[in-house]
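According to Swiss-Prot, the protein carries these features:
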ACT_SITE  115  active site, pros-phosphohistidine intermediate
BINDING   9, 57, 85, 91, 102, 112  ATP binding site
């Protein structure tokens, strides 16, 4: 079994679509092995998204991710990383395929509802950024 990291972003929490996202996750065959609602500080968001530090959108991304609560998740299933990327859909909801979370619930490129690890290396950094081993069941 493979694990991946996911975030339900502040825009989705604000719009009260968390339950819809969780339902789509479970319908997609994922087991939720870790979940917590947190509010990131700007510093925590900067640490989490450090790989984008030199990108022009870094400041806006960190401000967005720290504007309100998020739901941090660890998901488990065979091929979890690729399957979660597929269920999320394209970054821009306008380009996402029908049946994906971003097509169904995303608003814009920034307010696109969810984040997910893009590789095993990313997941191995992102999961322990939010969860310790005792919190994963």
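Just so it is clear, glycine is given a Cβ too, placed from its N, Cα and C backbone atoms.
In this structure, residue 85 (ATP binding site) is part of a helix by DSSP.
Note: the CA-CA distance between residue 115 (active site, pros-phosphohistidine intermediate) and residue 102 (ATP binding site) rounds to 10 Å. Within the set of recorded positions (9, 85, 115), the lowest number of other Cβ atoms found within 10 Å of a Cβ is recorded at 85. Of all the binding-site residues listed here (91, 112), it is 91 whose C-beta has the fewest other C-beta atoms within 10 angstroms.
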